[in-house]
Amino acid sequence: MSMEGDEGNRDQSSREEWTLLFWTTLAVVVPVIITLWCSVQRSKRKIHMKDFFRKSKHGWHCTDLFNKPTYCCVCQQHILQGAVCDCCGVCADETCLRRADRSLVCKEIMAPSRTDGTLAHRWVRGNVPLCSVCAVCKEQCGNQPKLCDFRCVWCQTTVHDDCKLSLSDGERCELGEFRSLIIPPHYLHHVNKLRRRHPDEYSKVIGHTQGGLASACGSGWTPVLVLANTRSGNNMGEALLGEFRTILNPVQVFDLSELPPSKALQLCTLLPPGSVRVLVCGGDGTVGWVLDAIDTMKLKGQDQFIPRVMILPLGTGNDLSNSLGWGSGYAGEIPVEQVLRNILEAEVVKMDRWKVQVASKGLYFRKPKVLSMNNYFSVGPDALMALNFHTHREKTPSFFSSRIINKAVYFMYGTKDCLVQECKDLDKRIELELDGERVALPSLEGIIVCNIGYWGGGCRLWEGMGDEPYPPTRLDDGLLEVVGVFGSFHCAQIQVKMANPVRLGQAHTVRLVLKTSRMPMQVDGEPWAQGPCTITITHKTQAFMLYHSAEQTDDDDDESSTSEAESSAPHDSPKPAGPASARA
């Protein structure tokens, strides 16, 4: 009996163990299967929605989270999961998307005007911006928990349902505050019709003439094109594109990941010569890409259509933006409306651009590599940090999505180089000539050739601590500033104003000869490893830029030297100056 009882207990214990194992396995496997199934369905849904958005008439942007109570423009119900059109602001529940696409007309980029030559309001009902005010009764709009009130997609005027018929201007739209920056749809309609019917007369009508098409848009009409790099800095480009499309004509807004600037800038040839302004949303590399495209326009004989360039800094360093007064980085602290106002108030200045020619030794039958430079050229520790950063960003681009992370990685590589000193004894491996004169080099690890006042993410390299006399830097004087650094630690000391760079001089032409070994080099943040070669930097052209002089971009005022106190010209001033010395 005892043995039978023990066997029964063991069988019961075994059954309990198997039961426990079964339910444990079920509790683990079932959620995993459900999660995988949901992931597959979500992936299929994304592919399906992406295909639908590509064929759609609207610029849909799918979202699962709205920042305010939002109602579907079709079924008028509160939206839990749906999409919003970046261009016209129409919102739709996911189940109503196809109906919305068929029944609701989006913002037209090209359309004929009314019989009197004016543009009619294009109303969208509901989901008006927060704190909107009715243009008729001056009371707040959109404060009811339902789809209500109207907004014009062109002039951004908002009115109550009951006040819409009482508008003083009827249905006439004046394009609102930013009329001087918007390309009206009827303008493009007339231009397109003129180009097709009368190509010979097109060039005569397009200009600022009394009876030309441009005169109908106002005497101060300066249309703006927005070119955004969605991969720069904090990945804010995509959100900015949507905000600019809401205010401007969608044809004025370009995503550089989908269309290169050379093609986007061809819109300038349809607009009055010398009137176009280009807002580049990105880092210094994106700005250089756009300026290269503008140089291509010059080669095509389109000099009269060259635009003026403004920067909205989204990159990591943004030294060119800082030099032009637009700050060291944009993180959404000001609305896009203020950005557009800054374009209207900006001053047009000239900026030197330089040609960097790299001729490798021993490769006599290969053409030298030619690069364009706006900011600076360098060889040594800062180029090594840029090269290491660039290499790792190419491997894992998703990791480098934050400006703070990017700067932290730069700091890590700078700390590593302080210990390793990979670029030591540079003075024994390189020769430097300024305007044809050989310069004796001290024991350096790096040489930096600057065109602008800022370097290394906001440091005024040429001035240093400002306790020694030095010639001023300018954007348009045809001179380059050449300095040397003793290593990564010396660079860090300069950035916190604890040391001065080794000022080697100013010159119109800079020539460097790398005699032995390979060294890291960079032009405007684009690094590479270079063997023995000859680098020649000469003046290329000048670009028209927009300068913001309303506020200081440095933390504190720059100290002036004794020799500069007598001069009224500020540091880095882009305005023309008197003759400058070619040597420090």
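Every residue gets a Cβ built from N, Cα and C, even glycine.
Features as listed in TrEMBL:
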COMPBIAS  552-561  compositional bias 'Acidic residues'
DOMAIN    57-106  domain 'Phorbol-ester/DAG-type'
DOMAIN    120-173  domain 'Phorbol-ester/DAG-type'
DOMAIN    219-360  domain 'DAGKc'
REGION    549-584  region 'Disordered'
TRANSMEM  20-40  transmembrane segment
Check: With DSSP, how much of the domain 'Phorbol-ester/DAG-type' (120-173) is helix, how much strand and how much coil, in residues?
Finding: 3 helix, 14 strand, 37 coil
Next item on the list: Over the span of the domain 'Phorbol-ester/DAG-type' (57-106), count residues by DSSP class, listing helix, strand and coil in order.
Entry: 10 helix, 13 strand, 27 coil
Next item on the list: Average the per-residue pLDDT over the domain 'Phorbol-ester/DAG-type' (120-173) and send me the rounded value.
Entry: 90
